[in-house]
Amino acid sequence: MRQGGGGGERMVSVLFLLLIHLALCQAKCVMTECDGEEDSNHPPCKTNKSTYLPITVTRSLNPTYMARFEKYCSYLVQEEDKAQVCCTELQLKGMTDRISNAATILGSCPSCFDNFAKLWCQFTCSPDQSKFMKVMETTGPKNVVVKMEFKVNRDFVEGLYESCRHTWFANGLALRLMSLGGKVSFENFYGFMGTKNLAQSIPINTEFQFSRMKNAMNIPTTPCHKSAGPKVPACGAIDCPTNAHQLVDISKVEHLGTKVFHPHFPDFEWLLKICGCLALTVLLVFILKYSCHRRSAPNGEDGCYVDLGKGNLEVQFEGLCARYANAVIKHPLIFVSLGLIVAAACCSGNFKFHSLTHSVDQVSAADGETRRNEKKFIHSFGPNHRIEQIFINLPPTTKSMFNMPLFEEMFQLVGNIQNLTACYGNSSVKLDDICYKPIGKNHGCAIMSPTNYFQNKWTNFENAGPPTIDDEIFDDQHWEHLKYCIRNPLTVSTYSEMSCFGEFSGPIDPILVFGGSNESIKGAEMYYTARTIMITVLIRGPEDQAIAWETAFLNMMSRYEMKHANFTFMTETSVAEEIHTAVETDKIVSVIACAAVLIWVITMLGINHWPESSILSALVHHKLLISISAVMISVISVWCSIGMFSLFGVHATDNAIVVLFFVITCLGINRIFVIIRTFQANGHCYGLPNISYREMNHRISNVMRRSIPIVLTNSLICSTCLFLAGGVLPYVSVSMPAVEVFARHAGLAILMDTAFYLLVMLPLFQYDARREMSGKCEIWPWYELSNESKINLCMEAVDGNLRSPVDWFKLAIAPLLLKKICRIWIATFFFVSLIIACYCTLCLEFGFNQVMAFSETSYLTKHFQNMNENLNIGPPLWFVVEGDVKWHDPKMQNKFCTLAGCDDNSMGNKIRSLAYAENYKGNYLHGDVNIWLDSYLQFMHPRGSCCKMDGKQFCDPSNATHCSSCSSSSVASLTTTEYEFYRNLHHFLETPPSIQCAHGGMALAKPAINLTRNGKIQSAYFSTFFKKLNLSDSIQLYDAWRFAKYLADDIERELEIPGVKVYVYSTFFPYYEQYLTLSTTVYTLVVLVLFVAFVTISLFLRVNLAGSLVTVFVLLSSYLHLMEWMYLLGITVNVVSVINMAMSLGIAVEFFGQMLHGFYNSKKPKREERAFAALVSNGSTTLSGIFPAIMITAGCLSFADSRVLITYFCNQLVGIGLVCAVHGVVYMPTLLAIFGSDFYQNVSSEEESTDEAELQDTPPSTTSSTSSTSETSV
């Protein structure tokens, strides 16, 4: 009995002890609200009772508490109607407010946010606080907690960190805002949350203890790729890289490549068309040339099929020219009057002329794709900001940008800019009147500058200081705030209790402010080493007022000096103004060039004889009138071309006009040299004392008959070259209006110059020829050579004793052609050089350095170099969605957004993933991404603090404690009606971003949405940036455009929304669309010009088919050698050089046409002698006429300020002159001597036969001079 009873007593004792132990081990609360405090953000107090147990709350008694509690801590509700908690209602309110603020940062990833909320629910409200929490330090009589110890299982903290470390917020990692120093790491993340910071709503210090002991807090975490609860989606592809997400395949993007001819050779279809055109052309020429009615054969049979009259087509053409010459001789005043009337009528259009000043109008066709997109973008969203920039470069002697004198100067500079006043009409304009204010008119201007981290106030800079003595390790106390803002630009209050936001109430990304940093340093600390400080002022006021202010800004900055740094600057109008300034300087060069050419023409056009003692006798055979008239007519031709185009609203650039005078003067001079040299070479310029009027007419008519065909043929080919390049049918567009307009103006100017040659120069020539044959002085017509002097000159001409400035050519150069060994060496060298030229052509590269538009001494040249070296990011890029999109439909929203629940291949995910991708080959995106729909969805999120309603009244987020959420949905997409969607969208667009609501859409979303009149979204854009692009590398800029276009097309295809289009726009796109078809343009231009040359020469000159083919071959060779010249001088291929390349073919015809005409009109029996005769008569004309005119023009252009003129006109003109001269004077006669015909086809027109018959009736005294001097040149 006792034993049994004793055992029962022991059992009771054990149970009693167990109950006591359980009572002692029961969890308790370790902190609670402080007595008398009503501030929910006040630190808690330590519990006064060691037995402070959790409190029980029920739904029936505490409905408000339970509603707030379940918002973030629903997992702690053990039963449906009650929960055990350690937090009072005041503590709960403070915790939910702090978690709501975190929802703004972490809310895009529900799993991350859920884990984060669990951590602080456990910390604040867990009924098991005493198991894993311990008060380490208190203060005051109320035992206000200063420091807590929080034991957390490592599995939980690692799970929380891993679920959040890839979450993005405001175009950066969210944890960047929740990590010490802005450096995202496990330790910095928990170090930040454990460090007291009232500005960040962290009321106490917390020492996190990480362990895997059983007493450490440990509850399950949700990985980012899993759902945190029913109807809650997993994190999106951007926030959770563990999800399988494939970047857009960009391997199919078309790149320009560096080589012009290798990767972009035309396709087979293009070649087939060209071959077909070639075959048809040859057939047509053969029919017209060789199937016309010739003179009857001895048997009386005709040897052809098409009756075009007596003689070959070219002979008929010469006959027409002869009849025109006779008309000019008979009625010179009528033709001159007609020419003056035409000139006056055409020049009258100059009253409507104004030059192209807007750069985009010069480089991109108005109907091009990029221009159409630009017009749509500006029409939908308004013009882009005008940008004013200042780059401040630290001198080598300055070790760091953290320099007090430097910042003092910067504050002064920014202050001067803000206070700068410009005159505008009768009023004044200040920066505050026109600057961009993203948050509204009541806020400051958007100035991206380091000084704006201090709100551009020197007093704020002086008052900024470190909070503790430990921070004195910095160079100066003022730099702590700046460095903190560089690390965390979204910080609203630093240790100095100052905001990092600028005076425009927005953040300043250090990537836009600091340049020239040491890129080997990772993270935001890289910007501490910046050697360049960038100040950017954004303007979005009326254009006229903005231009007035920019003019004042330029005047101020051009005189401004800084003692402790160097700087460069530019404004939106700088490019146009600097180009205009350079053109004004180049106009002087143009005048000098025309004067130099005129002096050369006066010197070389006449013959230097001094037959009598009077100085006036030396001026008998000079050509002052012809020389001056030729230059003046070329100038008038340019003005006529400009006037005619101006009448139809087609205007050229100032640079184009300057170059036009050079080109047309050179070509016009050549025409005069052709007729004058023909006149001189046949001995017609010398007249006997008794020369008859009919003999004079015969000589003049004969010269005109022989020179007009070659002038017209050359003009036709040259103008055709330019018209083709200028987009005249057959259309060969180079997609650059300034160059196309230049080509059209030049083509028309050549035709006008030819017309004035026929209407004005020929009558003047016949007058001057009569004067010269009569032996009269040009400037004093009353002086006349004696009969003895006239006879002596004629006799000396017959004996070959008279010398002209080009006789050295006849004596030294031309005889080499008669030597077979010389011809072999020349031909061999020609073909070897042709092979080398082909190789160099294949190495020719695309490109255009836009800095070359300015002189080397221009302030813009230095600034562009500064931008290339120091910019950290490229231009902005906009992806525009236009069409009928049902934005209120959640399924449709998922096609565009990047939040949890959105499609992995949504538009936003594609853009954002590429913008954040690193080392992805071929990717051009980098930097911040603005997805307005994401901001709107987060603005509407029920857990957020943005969209709140009080009944039907929208609540200001800064005062919305009494309001309820606009949305009852717990997912990212909005399940609302269309009416509710647009009602809330209006509130969203009018809400500025703030501490209480970071997702307000006024700053970034409002400019991105284009609404119709009834408030529906008509179009909207998502924006990002390009990576850093080389502004001097046009190939890279072109490839960036093609990449963006490919991405937009891919997005549009993936959306599969009928009627919805996606296009891209960036400010530089219109400048590089030209390269899209440039390769094909080069091929097509060459082929078409060669066809035109072949047809024209074959039909209108006395040339057989072999001669035409030789000419075309030499033309092609000259083209290839010109590209070799370009390669050797580093001249890249672009629309400017392509126009010059097309023009070179036209100029080459001026060289080759004369040689060909001279060869096939020579009566020598052998082809070597005929080539010799052509070289003597026509080669000297070329080397004394157009060739020196080109070289003189190029020499004058070398003094121009514009490097575009120097590179693409001066250097290229030198190449054109040298290549054409060598081909026309060396290669052409050599090939004709080898492959040309051995006979002269003596077919005469009716006029030629009539002239010969008339000469037979002429007395011997008058014909002797003609017959004796007809071959003096050969």
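For all residues, glycine too, the Cβ spot is worked out from N, Cα and C.
Per Swiss-Prot, disulfide bond is recorded for Cys29-Cys86 (among others), and the stated evidence type is similarity to another entry. Taking a C-beta cut-off of under 8 angstroms and a sequence separation of 6 or more, Cys29 (disulfide bond) has the following same-chain neighbours: Thr47, Tyr52, Leu53, Pro54, Cys86, Pro127, Gln129, Ser130.
Secondary structure from DSSP puts Cys34 (disulfide bond) in coil. The disulfide bond annotation in Swiss-Prot covers Cys34-Cys45 (among others).
Every protein chain considered, the tally of other Cβ atoms within 10 Å of the Cβ of Asn48 (N-linked glycosylation site) stands at 10. Here Swiss-Prot flags Asn48 (among others) as N-linked glycosylation site.
Here Swiss-Prot flags Cys73-Cys121 (among others) as disulfide bond, drawing on similarity to another entry. A C-beta separation below 8 Å, combined with a sequence spacing of at least six in one chain, links Cys121 (disulfide bond) to Tyr72, Cys73, Tyr75, Leu76, Met95. In the three-state DSSP classification, Cys121 (disulfide bond) falls within a helix.
If you look up Swiss-Prot, you'll see Cys87-Cys125 (among others) marked as disulfide bond, on the strength of similarity to another entry. Neighbour density for Cys125 (disulfide bond): within 10 A of its CB lie 24 other CB atoms from the protein chains shown.
The disulfide bond annotation in Swiss-Prot covers Cys109-Cys235 (among others). Long-range Cβ proximity for Cys109 (disulfide bond), meaning a same-chain Cβ under 8 A and a gap of 6 or more residues, is found for Ser163, Cys164, Thr167, Cys224, Cys235, Gly236, Asp239, Cys240, Ala900.
Marked as disulfide bond by Swiss-Prot: Cys224-Cys240 (among others). Cys224 (disulfide bond) carries neither a helix nor a strand DSSP state and counts as coil.
Counting only residues at least six positions away in the same chain, the Cβ atoms of Lys430, Leu431 sit under 8 Å from the Cβ of Asn419 (N-linked glycosylation site). Summarising the annotation, Swiss-Prot assigns N-linked glycosylation site to Asn419 (among others) and lists sequence analysis as the type of evidence.
Summarising the environment of Asn426 (N-linked glycosylation site), the number of other Cβ atoms within 10 Å of its Cβ, over all protein chains shown, is 5. Look at Swiss-Prot and you will find Asn426 (among others) tagged as N-linked glycosylation site.
A C-beta separation below 8 Å, combined with a sequence spacing of at least six in one chain, links Cys435 (disulfide bond) to Cys445, Ala446, Ile447, Val537, Leu538, Ile539, Arg540, Gly541. The feature disulfide bond is assigned by Swiss-Prot to Cys435-Cys445 (among others), with similarity to another entry given as support.
The disulfide bond annotation in Swiss-Prot covers Cys485-Cys500 (among others) and is backed by similarity to another entry. Under a cutoff of 8 A between CB atoms, and with a sequence separation of 6+ in the same chain, the neighbours of Cys485 (disulfide bond) are Tyr453, Thr491, Thr494, Cys500, Ile508, Pro510. Look at Cys485 (disulfide bond): DSSP puts it in a helix.
Feature annotation from Swiss-Prot assigns N-linked glycosylation site to Asn518 (among others). Sequence-distant neighbours of Asn518 (N-linked glycosylation site) (same chain, 6+ residues apart, CB-CB distance under 8 A): Met526, Thr529.
Taken from Swiss-Prot, the feature N-linked glycosylation site covers Asn566 (among others). Every protein chain shown contributes to the tally, and the Cβ of Asn566 (N-linked glycosylation site) ends up with 14 other Cβ atoms within 10 Å.
Residues or ranges marked as N-linked glycosylation site in Swiss-Prot (evidence: sequence analysis): Asn690 (among others).
Per Swiss-Prot, the feature N-linked glycosylation site maps to Asn787 (among others). For the recorded site, Asn787 (N-linked glycosylation site), the DSSP three-state label reads helix.
Over all protein chains present, the Cβ of Cys902 (disulfide bond) has 28 other Cβ atoms lying within 10 Å. DSSP assigns Cys902 (disulfide bond) to coil in the three-state reduction, placing it in neither a helix nor a strand. Annotation source Swiss-Prot lists disulfide bond at Cys897-Cys902 (among others), citing similarity to another entry.
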Quiz item: C-alpha of Cys902 (disulfide bond) to C-alpha of Cys963 (disulfide bond): distance in Å?
Solution: 28
Self-check item: Spatial neighbours of Cys946 (disulfide bond) that are distant in sequence (at least 6 apart) but have CB under 8 A
Solution: Gln938, Phe939, Met940, Pro957, Phe988, Thr991, Gln996, Cys997, His999, Gly1000
Self-check item: C-alpha spacing of Asn1010 (N-linked glycosylation site) relative to Asn1030 (N-linked glycosylation site), in angstrom
Solution: 32
Quiz item: If you draw a 10 Å sphere around the Cβ of Cys45 (disulfide bond), how many other Cβ atoms fall inside it, taking every protein chain shown into account?
Solution: 21
Quiz prompt | DSSP state at Asn566 (N-linked glycosylation site), helix/strand/coil | solution = strand
Self-check item: Set of same-chain residues at least 6 away whose C-beta sits under 8 angstroms from Cys955 (disulfide bond)
Solution: Lys948, Met949, His962, Cys963
Quiz prompt | Packing count at Cys947 (disulfide bond) (other Cβ atoms within 10 Å of its Cβ) | solution = 26
Quiz prompt | Using Cα positions only, nearest of the recorded positions to Cys966 (disulfide bond) (Cys87, Asn566, Asn787, Cys897) | solution = Cys897
Exercise. Check Cys73 (disulfide bond) against DSSP and tell me helix, strand or coil, would you?
Key: helix
Self-check item: Residue from Cys87, Cys897, Cys947 whose C-alpha is spatially nearest that of Asn48 (N-linked glycosylation site), among the disulfide-bonded residues
Solution: Cys87
Quiz item: Given the disulfide-bonded residues Cys73, Cys224, which one has the fewest other C-beta atoms within 10 angstroms of its C-beta?
Solution: Cys73
Self-check item: Lowest local Cβ density among Cys86, Cys87, Cys235, Cys500, Cys897, which the record lists as disulfide-bonded residues, within 10 Å
Solution: Cys500
